[in-house]
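Asker: Pulled these from TrEMBL:
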type	residues	note
COMPBIAS	596-605	compositional bias 'Basic and acidic residues'
COMPBIAS	980-996	compositional bias 'Basic and acidic residues'
COMPBIAS	1136-1160	compositional bias 'Polar residues'
DOMAIN	290-427	domain 'RCK N-terminal'
DOMAIN	712-852	domain 'RCK N-terminal'
REGION	594-620	region 'Disordered'
REGION	980-1010	region 'Disordered'
REGION	1131-1160	region 'Disordered'
TRANSMEM	30-49	transmembrane segment
TRANSMEM	70-89	transmembrane segment
TRANSMEM	95-118	transmembrane segment
TRANSMEM	130-150	transmembrane segment
TRANSMEM	190-208	transmembrane segment
TRANSMEM	220-237	transmembrane segment
TRANSMEM	243-263	transmembrane segment
């Protein structure tokens, strides 16, 4: 037999059912409280109605006796009269009936709630204030039902306002529970305070009005007016209580107000301060009507905030956006001051909260945001833990708002793949940092070039400076990367159906813009300089460098008079008004190009140099740039095949360098997500023991860099640990397009030995070694071969990033670099700092007036609101110092330019897209000055090798104000150099002879035309500077200073030599800095920071010019940044297949690289 069993969630009793209906159930409880609140409001309204109908001056009956006011004669009778007026009122019968009914309902409800909430202590229920007030306001009316003479007795029904206040608070709480939403504590506290004030005023007004029935007989409005004046501490005195009962009530009310109101205000102030810390909420209405972005950070520093705000609001279309900052920590004092500035206070909202809480994401209205930026805390001791926090924030934001674009910053490359599928744009700090530092070693000041490109600027920096280089440098720094569709462009629209190289050259000649890349409509990959074989289409997206984007450009065409110059008046020569006529002519040379018949001359592939005696009256011509690529004019550059011309130029010992290298993809990647890059590799992996530089093994007995006999100078990297990001330092320096004979040995100077996982990744690369040591140990520096190095890269250490004082994180690095700068003055030191503001301490000179002037200029630019105030610091301008925080703007700029990360990765060699070019450099020598201008150089590159120049790294001599008085020995030495440089070397010769001359490494002074010309320039400037003779006291002081400095340098030299002898190292390679040869001086010029060691003042400076105007004159020692097209893109298909077969047969047959630089 089946038995039915019923289960109840609650106890199935009558009391439990009532409790469920009246208390537990949210909706029914809300209805009960709403009914209770309506009853209390009704009682207060009935009291006001009874007061308005009551008139104590008329005769009335009390306890059946008729009394008249005129019968009162004695004081005793007067006292009884006052008491009668206080205790008895004139209540109409209908009003009494309604009040009794309401009182009866309230009484029954109160007793039922008390019974249901009873928990064993009856006295606790009875002595509750709400219960006592209910009894006072209801029991007298219930008694009058049975005893009619008491129907006119006074009952303080106005006290029900306090019960109404409690019912309203409970009703709001039930309402929040029912709709599952809560208002802020600030709202609740303000609501309670307002209700308390209203109840106090209403209670006082009703009480004083009733008591004054026996006195001045105030109306209810007069009593209300008196309470407002009294509580506001104004006290006009026109309305005052007359009898002592009302005066006593005023005293009681004031005492109550002095106790209750301060407590309420204190709670409100506390909640207000807490809400200021938390930041409140971002308005839902504002989120639906205004656009905003969310910035999620673990800790907010003033530098990070200002970098974000300056870069974000630098774009005109973002001026109306709001920035909502979501940070788990309390707002910093400095950040609070910044956010109080009117410029930011109306647009920036700070919310304290966590991105892992949906409530905080809801406060920030993440689901309505245009974008979310999630930044990692690079100042954390454990950077891996900081990345893990960033990953969780990214996941939480994507889970809460899947349609909101995410821009994520990751510190370590091995953590990138965790957010790559969730984030729309990812910037890995260590990837970019190491790749940029690596390119700095082969392409000077790449860090400065990229930093200027990713910062938004109008090119107004330094325009008020008296220094010409600062004006030029500041103006060119305003160049940025922009994009436009070819069909919509005036810059490039006319080149539809023409080659990419043709479009790039003519757009630069006509408009001064530099076309660097393109993207097909059916291809998501951006191609940098795809070469002349790429034919422009109307659907292509063009990427170009210019001061401003085309949409903001004004096109003013003028028909210039060119008949005087012998040039035909054609539409091509119509140029913007900002380019003068001589600029257009200089950019074209003396060649008149027929655009309708652009057939190249037969000898266009050869360069005709002027004869030495100047027999030719016409300067050399430059071949025209073809509209359509000619296969015969472009030599295929097969980097995977042997080049006989390279082998013939090499001696026997030189030919052995790199002869055992092969090309291929690294077999082991240290982390997931690294882009595969074709590199120079060893035929077989090197044993781990052979990677140790300072210790021999069974395979070789070398214990120092000298023993290896490297042909090229070393590149030393000083880092704390061998992180996976260090792999990105090696790959760009071993890329397949680097000439084999120019591969520099790489030495990793690590504080802690690397693990086997990292060694497994680097053992396939040629000439890569490691050594345990630090840069503050002279023995370690000498053992790793610092005297044979051209570049020393000092990477910021993680353990120093979290200093007690933020800006002291770079203290140890700066002091160590300064020491190495003194010990090894000819060494190029590239330093990474945590804070960009500390770059002013690099190569610090306390009495250098020029550095002080640059400091003042930096402050002026910062006051003007420049995003690049630090750009005029000489170490930064020369590319000697770099801070990864400078690249934070790359992530911010991606919100407007979503292609910037991809273009930067291609420039740095982090990604290798088939058909996309790569960044390299070419040096201008004296033999190249016949080209004269940058515009003609652009044409030469495009016509001869299809390369696109994008800027110039310029080094020029500069005599500073503190160097006016020179020592006589220095002046004579420079004068001698100038005399030796009076002879001019002929520029005639073939391409191969000129290449051999430019690649020569001899130290003979006669083979350095640049040194001779620079020496002459310095001598002339010295002769002009030294007009006023110095006094005898000044000469003596200067001689003493020079003697002290010379003795200091000799002491440092002896220290280094003694340590080398102690370590058993030969001292031949170390030269005393006080005896610098002409070749050493030349090397220091090339490094960009030549030091006059005798007076310790810098007299050369270097800086970067991005996309200079076409009429910019070329100078000796200029280094041109060029984007060279992909060599593999020009290989025929059958050639690639045949070469693959040869690679399979014998990997050792790989020859040397193609030409290592562009020959002009």
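Using N, Cα and C of the backbone, Cβ positions are placed for all residues, glycine too.
Note that the structure is predicted; figures quoted are calculated from it, not measured.
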Asker: The transmembrane segment (243-263): which same-chain residues, six or more beyond its ends, come within Cβ distance under 8 Å?
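Answerer: For the transmembrane segment (243-263), the nonlocal Cβ contacts are 82, 86, 196-197, 200, 203-204, 207-208, 211-212, 214-215, 227, 230-231.
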Asker: Quick check: do the transmembrane segment (130-150) and the transmembrane segment (190-208) share at least 3 Cβ pairs under 8 Å, counting only pairs 6+ apart in sequence?
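Answerer: No, the transmembrane segment (130-150) and the transmembrane segment (190-208) are not in contact.
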Asker: For the domain 'RCK N-terminal' (712-852), report the average pLDDT of the model, please.
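Answerer: Mean pLDDT for the domain 'RCK N-terminal' (712-852): 85.
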Asker: Residues sitting near the transmembrane segment (190-208): Cβ under 8 Å, six or more positions beyond its termini, same chain?
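Answerer: Long-range Cβ neighbours of the transmembrane segment (190-208): 44, 47, 51, 156, 158-159, 161-162, 165, 168-169, 172, 218, 220, 223-224, 226-228, 230-231, 241, 246, 249-250, 253, 256-257, 260-261, 264-265, 268.
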